[in-house]
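Notes follow once the structure below has been shown.
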Amino acid sequence: MSLCSPVDARSTPPGPERFRRCRFLTGPTASGKTAVAIELARLWGAEIVTMDSMTLYRGMDIGTAKPTPEERATVPHHLLDLLDPWEGASVAFFLEQAARVVDVLERRGVPILVTGGTPLYLKAMLRGLFDGPAADPELRHSLERLNDAELHTRLHALDPATAQRLPPRDRRRVIRALEIALLTGQPPSVLRQDHDQPARGVAVIALSRPRDELHRRINQRVDAMVRGGLLDETARLLALPHPWHPIPAQAAGYREAADHLQGRLDRAAMIERAQARTRQLAKRQETWFRHLAEVHLEPVMANESPATLAQRLARRFEDLEHHRRQVNFP
């Protein structure tokens with residue numbers, strides 16, 4: 001039975017206190033999180049709450065490196081396969097679903113390991129989510145009529161700090177920032193300050209690998225995905241009765257596979273571009289993790305097996321939790 005339920009769009013997103021007793025394992029794509037998380041969960045008798053914006057989607061298995069049925073049979077995983085590819089998923093939706101699962105597991109007395117690599121989800125679980133005012137349909141319609149450059153120019157005039165953080169091509173977030181500024185009369189960067197304070201007393205570890213090794217792993221993963229059926233999976237997704245939602249459609253690998261299937265890229269170019277986009281994704285993830293004060297970077301040693309690494313990380317988590325008790329965090 002699924003532990004997840006529909007979300008009331010008017011509800012307030014769960015606060016970070018709901019996740020204080022969870023342990024978090026994160027890291028860039030292809031850093032080895034899944035295998036290590038399974039070993040840790042087996043050590044602790046824990047269940048895994050996945051923190052990934054793409055594994056939420058049904059039918060997107062190969063291209064998201066979703067835990068396999070065999071892995072999920074070994075350790076229960078939650079928050080997989082919640083949505084169809086034509087549906088959108090907000091951070092608030094993820095928080096609500098995660099809170100429901102965490103509440104159930106805590107009532108059962110089950111240790112919880114949150115693992116995944118979506119930095120926005122991690123930050124929201126640790127620090128809360130600034131939701132802002134409800135969207136105004138008339139204002140949204142007027143903003144949607146502007147092109148990317150016009151939107152970004154208006155945002156820069158109202159909130160230079162947010163405009164510097166958001167590239168013009170990030171149209172959805174630029175429009176939302178403009179909505180907040182125009183509806184509240186205050187820059188979003190100012191309003192978000194209260195939601196940007198580091199969480200205290202929480203155990204968060206991010207796997208860290210040397211750049212050349214991570215790039216090698218990424219390239220090998222993309223090759224393996226293509227050999228493992230990424231093109232067939234993408235063809236099935238393209239044949240669905242509804243258009244792919246922009247959020248899952250942007251996933252690295254799927255866009256390139258679709259371009260290949262539709263004759264815009266040859267096979268070699270598809271693989272090369274998918275590898276390059278995945279490396280760019282990993283770089284963005286690493287930047288986020290370095291700038292989140294709660295995150296403890298843990299280097300992965302050369303040839304360290306998932307089981308050996310899990311033993312070492314278990315001791316590291318114990319150290320972090322001992323420190324939390326020493327400073328009287330609940």
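Keep in mind that glycine also has a Cβ here, set from the backbone N, Cα and C atoms.
Record features, source TrEMBL:
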- Gly27, Pro28, Thr29, Ala30, Ser31, Gly32, Lys33, Thr34: ATP binding site (BINDING)
- Thr29, Ala30, Ser31, Gly32, Lys33, Thr34: substrate binding site (BINDING)
- 52-55: region 'Interaction with substrate tRNA' (REGION)
- Thr118: site 'Interaction with substrate tRNA' (SITE)
- Arg140: site 'Interaction with substrate tRNA' (SITE)
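For the pair Ala30 (ATP binding site) and Thr118 (site 'Interaction with substrate tRNA'), the Cα-Cα distance reads 13 Å. In sequence order, Gly117, Leu207, Arg217 are the same-chain residues whose CB sits within 8 A of the CB centroid of Gly27, Pro28, Thr29, Ala30, Ser31, Gly32, Lys33, Thr34, the residues recorded for ATP being left out.
Averaged across the region 'Interaction with substrate tRNA' (52-55), pLDDT in this predicted model comes to 97. Other Cβ atoms within 10 Å of the Cβ of Arg140 (site 'Interaction with substrate tRNA'), summed over all protein chains shown, number 13. Rounded to a whole number, the distance between the Cα atoms of Thr118 (site 'Interaction with substrate tRNA') and Pro28 (ATP binding site) is 9 Å. When the Cα atoms are compared, Thr118 (site 'Interaction with substrate tRNA') and Gly27 (ATP binding site) turn out to be 9 Å apart. The DSSP breakdown of the region 'Interaction with substrate tRNA' (52-55), given as helix, strand and coil counts, is 0 helix, 0 strand, 4 coil. Highlighted in sequence order, Gly27, Pro28, Ala35, Ala65, Gly117, Leu207, Arg217 have their Cβ within 8 Å of the centre of the Cβ atoms of Thr29, Ala30, Ser31, Gly32, Lys33, Thr34, the residues recorded for substrate, and are not part of that set. Applying an 8 A CB threshold to same-chain residues 6+ apart, the list for Thr29 (ATP binding site) reads Ala65, Gly117, Ile218, Arg221, Ala252, Thr278, Leu281, Ala282, Gln285.
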